Amino acid sequence: MQFMLTIRASMEMKITVSCPTPNRCTLLILVLFSFAASPLHASLSINFYASSCPTAELIVSNMVRSASSSDPTIPGKLLRLLFHDCFVEGCDASVLLQGNGTERSDPANTSLGGFSVIDSAKSVLEIFCPETVSCADIVALAARDAVVTAGGPAFEIPTGRRDGRISDAANVRSNIVDTSFTMIEMIRLFNSKGLSLDDLVTLSGAHTIGVAHCNAFSDRFQMDSKGNLTLIDTSLDNTYAKELMKKCPSGSSASKTVNNDPETSFAFDNQYYINLLGHKGLFQSDSVLVEDERTSARVEAFANDQETFFQSWRDSFLKLTTIGVKTDDEGEIRQSCSFAN
């Protein structure tokens with residue numbers, strides 16, 4: 001005997017299942033609702049390019065690995081590029097578009113890097129699979145692979161994003177985290193993107209790799225009349241503060257950078273959280289994570305167990321890479337990542 005059950009999963013979708021027994025129907029219902037509760041966009045899927053461009057992910061991975069082998073700062077740059085893309089207009093590669101008044105032209109984005117890796121991957125993909133793989137997917141895959149290259153966890157992510165056609169510098173500042181943000185400001189911004197407090201703590205772990213310009217944390221110091229810097233942020237370890245003042249003295253070049261993580265600068269690990277417990281968070285937005293009782297326990301848990309951090313990273317990264325995605329006719333497949341078609 002066959003049992004038929006119709007489930008209205010949403011206002012727009014009706015699912016009909018056929019199963020031999022009531023128990024089997026119950027199992028199918030649980031599976032279906034687990035997908036319905038998933039934050040992933042309905043049109044994204046694992047191995048989206050399996051038929052249209054089977055080597056797409058391998059090509060991106062090889063480009064990231066090759067670039068990182070000659071420049072160890074590449075993983076951090078690719079990861080930061082993803083954040084700045086997804087938090088503004090969603091994960092649609094709008095940050096890659098060049099031109100006056102685009103996101104890329106905003107001062108907050110002028111220090112972004114990793115564009116050459118994305119462009120190189122796109123060039124190769126256009127040879128083997130013309131007009132098939134989106135720049136938005138390349139950015140997401142490259143960031144995923146950058147973490148793996150730096151020693152972080154490997155996992156699959158869904159693809160099928162389309163490239164956005166709009167890129168407006170006016171949308172940047174209100175949609176990205178400033179390094180001087182308070183906990184309240186960060187929570188408000190993350191919540192607006194559908195991200196939780198746990199996602200905030202987890203994704204902040206991206207600062208375990210990468211570099212920062214001196215002016216990104218200069219507000220933690222004060223310069224006297226003689227040009228000498230003194231520490232005014234008591235949440236920062238004194239010894240670490242002295243190291244930072246030595247590396248970034250007053251009058252430092254605007255291009256001067258320091259490593260986000262002073263211990264394992266190019267390794268994606270849980271050292272960032274260990275640093276936080278030692279009051280060695282580079283930014284004010286880092287230090288508040290260990291000072292606030294809402295997040296301090298999670299910081300400690302990640303510091304004590306790297307695998308716990310890695311497991312949480314997988315979940316939060318998946319949520320990050322599905323913020324405001326465009327699929328089907330909502331976007332396009334650019335021929336060049338720098339320009340709309």
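From the backbone N, Cα and C atoms, a Cβ is placed for every residue, glycine too.
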According to TrEMBL, Cys129 takes part in a disulfide bond; indicate which of Cys53, Cys86, Cys214 is its partner.
Cys53
Cys337: disulphide-linked cysteine among Cys91, Cys135, Cys214 [source: TrEMBL]:
Cys135
Which has the fewest other CB atoms in a 10 Å radius around its CB: Cys53, Val88, Cys91, Cys248, the listed recorded positions?
Cys53
By the count of other Cβ atoms within 10 Å, pick out the sparsest of the binding-site residues Ser94, Thr208, Thr264.
Thr264
Quick check for the class: what is the C-alpha distance, in angstrom and rounded, between Arg80 (site 'Transition state stabilizer') and His207 (heme b binding site)?
9
Considering Cα atoms only, can you say which of Gly90, His207, Asp269 is the nearest neighbour of Cys248 (disulfide bond) among these binding-site residues?
His207
Taking the Cβ of Asp92 (Ca(2+) 1 binding site) as the centre, count every other Cβ atom within 10 Å, in any protein chain shown.
29
Shortest C-alpha distance to Asp92 (Ca(2+) 1 binding site) - which of the recorded positions Cys53, His84, Cys86, Thr208:
Cys86
